Structures are given as C-alpha cells and as structure tokens.
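Report on the following structure.
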Number of protein chains: 2
Amino acid sequence: MLRSWLEDANAPDGDFPLNNLPYGVFSRDGEMPRCGTAIGGYVADLAALERAGLIEAPGFDQPKLNAFMAQGKAVWANIRAQLMDLFVENGNPALRDDADLRAKVLISQTAVRMHLPFEVAGYTDFYAGRHHAENVGTMFRGPENALPPNWLSIPIGYNGRASTVVVSGTPVRRPLGQIKPPEADFPIFSPTKRLDIELEFGAVLGQGTQMGEPLTVAEADELIFGYVLLNDWSARDIQAWEYQPLGPFQAKAFATSISPWVVTKAALEPFRLPSPSRVRPLLPYLRELAPMRYDVHLEVHMRAAGQDGDNMISRTNTCELYYSAAQQLAHHAIGGCKMEVGDLLGSGTISGPDKGSRGSLLEITWGGKEPLLLEGGVERRFIEDGDTLTLTGWAQGPDYRIGFGVCEGTILPAPSLRPEWCDG
Amino acid sequence: MLRSWLEDANAPDGDFPLNNLPYGVFSRDGEMPRCGTAIGGYVADLAALERAGLIEAPGFDQPKLNAFMAQGKAVWANIRAQLMDLFVENGNPALRDDADLRAKVLISQTAVRMHLPFEVAGYTDFYAGRHHAENVGTMFRGPENALPPNWLSIPIGYNGRASTVVVSGTPVRRPLGQIKPPEADFPIFSPTKRLDIELEFGAVLGQGTQMGEPLTVAEADELIFGYVLLNDWSARDIQAWEYQPLGPFQAKAFATSISPWVVTKAALEPFRLPSPSRVRPLLPYLRELAPMRYDVHLEVHMRAAGQDGDNMISRTNTCELYYSAAQQLAHHAIGGCKMEVGDLLGSGTISGPDKGSRGSLLEITWGGKEPLLLEGGVERRFIEDGDTLTLTGWAQGPDYRIGFGVCEGTILPAPSLRPEWCDG
C-alpha cells in the first residue's frame with residue numbers, strides 16, 4: 001500500500017487507498033457538478049486543485065470526465081503522478097500543510113451527490129461469461145443448444161441503449177411491455193413479472209478510433225481509460241418474447257446502472273490475469289499477447305422492500321470472463337466501426353460455476369423455480385417493487401484494496417396504465 | 001404547388017419546391033458549416049436570413065440541427081411559415097427585392113458540401129417491411145419459419161451504432177470480419193464477400209422523453225421532426241455467423257448513410273396513408289387513431305465500378321411498411337427508454353411484393369443465386385469495390401414533388417491486412 005498523510009486512506013479494507021485514485025463527478029447541494037477523485041472517505045475536488053495550481057489543468061471543472069479522458073494516456077499518467085505526489089507521505093506538502101486548502105479540497109463522501117461520471121457516447125453489451133451463457137442458453141434453448149455455435153469464436157455483443165445508462169442510486173421504474181405467457185397464443189401488455197439484474201464489469205473508453213480503421217488487441221487495450229461496476233437490468237419475460245431474431249431491445253432499454261467511480265486501468269495493473277485456456281483457437285485478430293483480464297472480486301447484495309439489512313446473494317470474480325474488454329473492443333472495431341471517447345462496454349453477466357456465484361436472479365433461482373430465501377423468511381424469485389440491489393467489487397492486494405464502491409438501484413412500481421394503452 | 005418568385009423552385013419534377021423546405025447543414029470551402037434549406041437548385045442560408053433579421057433566430061448558425069429541433073413544434077411551424085412568406089409569390093418582399101441579400105442567402109447546391117444534418121443521439125433500426133422480413137426469413141430460416149412469431153405483434157427493432165451514421169457521399173470501406181463458410185467447421189477472417197444495401201426510411205426525433213415515461217402513438221408522432229432516406233449497409237456473411245443469439249452487430253456497424261436533407265413532417269402531411277389492415281389485432285398501445293404512414297416513392301440505383309450510367313435496380317414505396325415510425329417510437333418508449341433529440345429510427349428494409357421492388361441485393365439476387373444484369377453486360381450478386389449505390393425518393397403531389405434528394409455511397413476496398421491479424 002502507498003501510504004498517505006491522510007490517515008483515512010490507509011485502512012486495509014477501504015475501497016479508496018492512494019493506490020486507487022478513481023475519477024468521478026460530484027456536487028454538494030446547489031453546486032455545479034465537477035470532477036473529483038476518491039481518497040479514503042473523502043472526495044478530493046480536482047477542480048479546486050486545478051484552480052490552486054497544484055495539478056495541471058486538463059479541465060476538471062466540468063460535469064463530465066470526457067474532456068479529461070480525451071487528452072490521452074500521457075495526461076492520464078501525468079495527473080495520476082501529480083495526485084500521488086500530493087497525497088503520499090513525504091511527498092509534495094502543498095496540500096498537506098495548507099489547512100484552508102484542505103478544507104476546500106477534501107469533502108466527506110457522505111456530503112456529496114455523485115453524478116454520471118461521463119457522457120456515454122455508445123453503450124455496447126457483451127456476453128463473455130461462459131457459465132452465464134451456458135445457464136441462460138440451457139433455460140432459453142435447452143441443454144443441447146446452450147452455448148451458441150459462434151460463442152467460442154466471437155466475443156458476442158450487441159448495441160445497448162446509451163440514453164438510459166444512469167449512475168448508482170438512480171431509482172429504476174419497472175418497465176411495461178409485451179409478454180407472451182407460455183400457454184397463450186398471443187402476447188399481453190403488462191409490467192414485467194421477471195425483473196432481474198445482470199452483474200457486469202464495464203470498460204470505459206478514453207480514446208476513440210477513426211471509422212474504417214480497425215485495431216489490434218494491444219491497441220484496443222490502450223484506448224481503455226478504466227472500469228466500473230455495471231448492472232444491466234433485464235426484464236426476462238419481455239426478453240424471451242422479443243429477442244428473436246434481432247436481439248434484446250426493450251427488455252434492456254429501461255435502465256443500466258453504473259458505479260460512480262471510474263477505476264483507472266493504471267490502478268488495476270497489478271491485478272492482471274493471463275488469458276484463460278481456449279477451447280478452440282481464436283482467430284489471430286483476437287489473440288492476446290499480454291494479460292488482459294483482471295482479478296476483481298464481485299458481490300451482489302439484495303435488500304428486499306421493507307428489510308433493514310442486505311443479503312449477499314452472489315459472489316464471483318471477473319476472472320470468469322472468457323474474453324477481455326480489450327478483445328471485445330478489438331472485435332467491436334474490426335469491421336471499421338468508429339469508437340468514441342465515453343463508449344461503455346459491458347462485459348456480459350459474470351457467473352461462476354456454482355449457485356452461489358451466479359450473476360443474475362434468472363440463474364440463481366433457475367428461472368424462478370428455486371426461490372431465494374432472504375433474511376426473515378422473505379422469498380424472492382425475481383425483483384419486487386421497493387427491492388434494492390447492490391453490486392460491490394474490489395481487487396485485493398496484499399495490504400490494500402482497489403475498490404469500486406457500490407452500484408445500487410431501487411425498483412419503483414411500473415407507470416400507471418393510461419386509457420390509450422388499454423382495451424375498450 | 002405553392003409558387004415562388006424563385007422560378008427555379010417551380011419545376012413540377014424538382015425535389016425542392018416551396019412546399020418542401022427541408023433542413024440540412026452545408027458549407028462552402030473554408031466556411032463553417034451552418035443550417036440551410038433547399039429551394040429549387042439553391043441552398044438558402046438560414047444563418048444569413050437570421051442575421052438579416054428576416055426570420056426569428058432559433059440558432060441556425062450551428063453545424064447541427066439539434067438546437068433548432070429541440071425548440072419544439074411551435075418553433076418548427078413558425079419558422080416554416082416565415083420561410084414560406086419570404087419565398088412565396090406576393091409574400092414578404094424583403095428578400096425578393098434585395099439583390100445583395102439574395103446573393104448572400106441563395107447559394108447553388110452545386111457549390112456546397114452537405115454535412116451530417118444532426119448529431120445522431122441514438123440510432124435504432126426496425127424491421128417493419130413484411131416482404132423483406134419474409135424474404136430474409138425464408139433464406140435464413142426456411143419458408144416455414146420465414147416470419148418470426150412475434151413479427152405481427154411487435155415492431156421489432158434493435159439498437160444500431162450511432163457513431164457510424166454518415167451523410168450521403170461519404171465513402172464506405174468494405175468491412176473485415178468473421179465469416180463461416182457453409183462447408184467449414186470454423187470461421188475465417190476476411191473482407192465481407194456479400195456486401196449489401198438496405199433501402200430504408202429514417203425518422204428523426206426533434207423532441208425527447210423522460211426516462212420511465214412511455215408514450216401513446218399520437219404523442220410519439222408529435223416528437224418526430226422529419227424523415228430522411230437511409231441505407232443500412234450490411235455484410236450478409238458476417239451477419240449470418242454473428243446474429244444469433246443477440247442480433248446483428250459488426251455486420252451493420254461499419255456504416256449507415258442518410259440523405260442530407262431532413263424533410264419535415266409538415267411537408268409530408270398531404271401524403272399520409274391509413275394503417276394497413278392487421279393480420280392480427282395489435283395491442284392497444286400500438287393502435288393508430290389517425291393515418292401515420294406515408295406515400296413516398298423510392299428507388300435504388302447502382303453504378304458499377306467503371307460504369308458511367310446508373311442502373312435503376314429497384315422501385316418501391318414506404319406504404320409497404322407494416323408499422324409506422326410513430327408506432328415504432330411508441331414501442332421504443334413503452335418500457336421507459338428515454339428518447340432524445342437527434343434519435344434516428346430506421347424503418348427496416350422496404351421491399352414490395354415482386355423482384356423489381358426489393359430493397360436489398362440479398363433479396364434481388366436471392367442470396368446471390370440470380371445475378372443482376374447491369375448495362376453493358378456487367379453482373380452483380382453483391383456490391384464490389386468501386387460500386388456506387390444511390391437511393392432516391394419523393395412524395396408525388398398533383399403538380400409538385402416533395403423530394404428527398406439522394407442518399408449515395410461508394411465502396412472502398414477493405415483495409416490492408418496487418419501482420420497481427422494474420423496467422424504465423
């Protein structure tokens with residue numbers, strides 16, 4: 001652990017030691033949102049540090065990280081080094097020894113509201129968790145067709161809806177839509193009855209590409225600024241009826257939540273893992289010449305409506321992913337698709353091999369057949385109104401963590417039905 | 001026809017009579033792009049009219065229409081009325097009688113470059129052409145599964161890639177990707193060999209919605225600012241291997257071309273058509289209480305590499321669409337998806353019942369089995385490098401047309417292969 005003069009940053013189980021320095025956007029009541037970093041239990045106001053002349057000025061006095069990210073990896077490295085120097089024990093004393101400035105710069109995380117940290121240019125969701133693909137495939141298409149024939153060759157992905165990517169804490173309204181009950185010939189119009197989460201790891205692009213100019217995997221990795229926790233909320237009944245032949249659409253479009261702090265690739269460097277062994281050789285454009293995955297512990301917690309305490313309902317690890325974000329990005333750009341600063345790439349749902357490590361309720365309750373038993377005897381098959389779902393995650397070092405904070409959302413009831421939507 | 005003092009606007013077969021007044025973004029060499037309208041063979045510089053105080057100032061001195069569109073339908077109607085008054089015979093003489101101002105405002109269309117007319121917030125592609133769905137379904141899944149079971153209930157759509165929506169005239173690079181030859185066990189890496197067009201009609205949203213707040217079909221229609229021609233370029237071999245289970249991705253992500261002029265809903269009002277008869281009743285949230293489709297004639301022209309002249313290879317009409325853009329939008333928002341100013345909704349490929357009215361080469365050549373014979377004995381199964389494809393369209397009035405101009409693109413060869421993408 002890099003020790004800081006700010007004692008609060010030195011807790012071995014804290015999410016935000018000096019090694020981390022993630023980026024986010026925050027405000028207090030009545031203030032303009034601006035960029036900050038998390039250190040211990042504080043947000044450090046990067047716009048204030050910029051104004052004080054203590055770090056270079058890459059434009060932190062803005063409500064989005066995009067302008068900073070767009071400046072590229074030399075600036076990312078430079079600002080990280082300057083921040084480390086300001087906060088490390090025996091470093092630059094300019095902040096440490098200036099009580100007035102410290103009071104301006106360091107704000108308790110409990111006093112701020114976090115905003116969506118970047119403008120989401122495009123949101124793409126992948127499908128790189130093998131256990132998840134096998135579980136869902138078994139339920140939707142039967143065990144003999146569980147893993148689609150292309151799964152071992154392609155980092156399968158689809159375009160998601162960028163406009164409804166929201167920051168942790170934003171309430172999520174239960175969607176209305178078309179559902180075809182198994183026994184019915186025709187669909188009905190109804191709020192979803194099978195509302196679910198998907199536990200994912202999201203890569204954030206800090207650099208883009210030109211249209212028509214594909215990448216190698218190594219070049220793709222260079223475009224990635226950092227990672228967030230991502231919950232790809234899903235309406236399973238709407239999905240089952242709509243997804244053939246063109247993929248998920250309204251089943252996923254109502255909301256995608258992300259954690260407010262973008263953990264940088266730099267902070268995660270010590271936690272890289274080599275590629276998994278390949279069942280089938282990959283085409284050369286997808287081959288990794290260096291470790292591209294990460295060892296990040298992940299948990300899902302559920303607080304049922306009216307409950308006080310959380311129930312941990314799953315724990316797993318990003319190492320369950322068969323394809324890295326760099327591979328997914330190389331595939332994304334291989335046909336010439338233009339990638340942009342602020343693009344968000346969801347990993348796909350991350351499930352481990354056993355029931356306690358599955359990343360969706362669909363898998364945990366096996367399509368609702370094996371209900372979850374929560375504290376106090378509460379049962380859940382899928383998410384009910386008022387339930388709160390929380391993702392957490394961290395990379396575990398020898399005496400410190402690189403934490404992601406939380407990615408949380410509470411479900412609101414579906415919109416009231418309007419007469420125009422009803423028969424008669 | 002509304003007659004103008006600008007004689008050029010009164011040609012009965014011109015795309016841009018005074019009844020039309022579409023919006024676009026243009027520039028001459030070295031100038032900043034700004035908003036204009038097309039009238040006869042001219043672009044009228046709306047930023048110059050704004051500066052001269054002849055129309056109100058909704059922000060036409062910008063390189064995108066978004067700010068204008070965001071002001072809503074009262075402003076759209078107001079500006080249209082002011083423009084009509086300035087150009088109509090016996091209207092406001094302020095422009096007609098001022099030669100200096102006319103020289104500033106009216107620029108020949110041959111002297112300008114057209115730009116992407118609006119910032120594409122999100123791009124969604126639908127699948128509302130029944131003949132197309134049946135033709136493609138027959139080729140991909142066999143005649144007994146041609147029309148997916150949900151097709152008659154859902155305006156099926158998927159999220160496309162907004163970053164590669166380009167204006168007519170932008171060259172399109174042939175994409176690289178994974179292709180699995182029918183006889184092979186594993187995919188190969190190759191430029192697409194089955195490059196295709198999709199003839200579509202695109203709706204442009206001038207207003208958005210709040211997340212979690214669905215619409216009725218009538219409300220959805222109110223959000224639409226206008227329409228463009230849209231070519232959803234497609235790589236059929238990449239598509240066939242990748243599209244299951246999550247839909248088309250890299251087969252469509254390399255480019256989508258649109259015509260430069262957004263033809264307003266106001267100009268198309270006289271050309272509304274009632275809904276088609278429904279094979280199966282629609283759920284009430286999709287029912288149309290007023291005519292929502294349009295009668296727009298469409299053509300596809302192909303100029304093979306090295307050829308001088310165009311070959312008309314298809315003609316059809318937007319009346320072949322089973323779902324209107326308003327219905328597609330109502331479906332898009334029904335789960336609470338937030339819609340935004342600048343969202344683009346592709347209709348899906350528009351094919352008529354016979355071979356001469358099909359909207360893709362896949363259908364015209366029936367998967368390459370029945371080659372097209374072009375002028376001079378040139379044959380085409382799919383698009384070759386150097387070929388130019390052009391879409392045109394217009395609504396035909398008694399003595400005038402509401403034209404869309406052209407949506408055109410020429411294919412460049414695939415990127416050179418890099419050593420990292422190759423074996424050994």
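Cβ coordinates come from backbone N, Cα and C, glycine included.
Copied from TrEMBL, the annotated features are:
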DOMAIN    A:19-117  domain 'Fumarylacetoacetase N-terminal'
DOMAIN    A:123-410  domain 'Fumarylacetoacetase-like C-terminal'
BINDING   A:ASP125, A:GLU198, A:GLU200, A:ASP232  Ca(2+) binding site
BINDING   A:TYR127, A:ARG141, A:GLN239, A:TYR243, A:THR349  substrate binding site
ACT_SITE  A:HIS132  active site, proton acceptor
BINDING   A:ASP232, A:LYS252, A:THR256  Mg(2+) binding site
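Positions of the features from TrEMBL, shown on the structure.
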| residue | record | contacts (Cβ under 8 Å, 6+ apart) |
| --- | --- | --- |
| A:ASP125 | Ca(2+) binding site | A:GLY157, A:TYR158, A:ASN159, A:GLY160, A:GLU200, A:ASP232, A:LYS252, A:THR256, A:LEU345, A:GLY346, A:GLY348 |
| A:TYR127 | substrate binding site | A:ALA133, A:TRP151, A:PRO155, A:ILE156, A:GLY157, A:GLY348, A:THR349 |
| A:HIS132 | active site, proton acceptor | A:GLY348, A:THR349, A:ILE350, A:SER351, A:ARG358, A:GLY359, A:SER360, A:GLU363 |
| A:GLN239 | substrate binding site | A:PRO248, A:ALA251, A:LYS252 |
| A:TYR243 | substrate binding site | A:PHE249, A:ALA251 |
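Checking the recorded positions A:TYR127, A:HIS132, A:GLU200, A:TYR243, A:THR256, A:THR349 against chain B with a Cβ-Cβ cut-off under 8 Å leaves A:TYR127, A:TYR243, in sequence order. The separation of A:ARG141 (substrate binding site) from A:GLU198 (Ca(2+) binding site), Cα to Cα, is 19 Å. The residue listed as 'active site, proton acceptor' falls within a helical segment according to DSSP. All chains included, 14 other C-beta atoms sit within 10 angstroms of the C-beta of A:ARG141 (substrate binding site). When pLDDT values are averaged over the domain 'Fumarylacetoacetase N-terminal' (A:19-117), the model yields 97.
Neighbours of the Ca(2+) site: apart from A:ASP125, A:GLU198, A:GLU200, A:ASP232, residues of the same chain with C-beta atoms within 8 angstroms of the site's C-beta centroid are A:GLY160, A:LEU199, A:LEU230, A:ASN231, A:SER234, A:LYS252, A:THR256, A:GLY346, A:SER347, A:GLY348, A:THR349. A 10 Å cutoff on Cβ-Cβ distances gives A:THR349 (substrate binding site) a total of 33 other Cβ atoms nearby, all chains included. A simple Cβ count within 10 Å picks out one of the binding-site residues A:GLU200, A:ASP232 as the most packed, and that one is A:GLU200. In the shown protein chains, 28 other C-beta atoms lie within 10 A of the C-beta of A:GLU198 (Ca(2+) binding site). With A:TYR127, A:ARG141, A:GLN239, A:TYR243, A:THR349 listed as the residues that bind substrate, the site has a largest C-alpha separation of 18 Å.
In three-state terms derived from DSSP, A:GLU200 (Ca(2+) binding site) belongs to an extended strand segment. For the recorded Mg(2+) site, residues A:ASP232, A:LYS252, A:THR256 set the reference point as the centre of their Cβ atoms, and the other residues of that chain within 8 Å of it by Cβ are A:TYR123, A:ASP125, A:GLY160, A:ARG161, A:GLU198, A:LEU230, A:ASN231, A:TRP233, A:SER234, A:ALA253, A:ALA255, A:GLY346.
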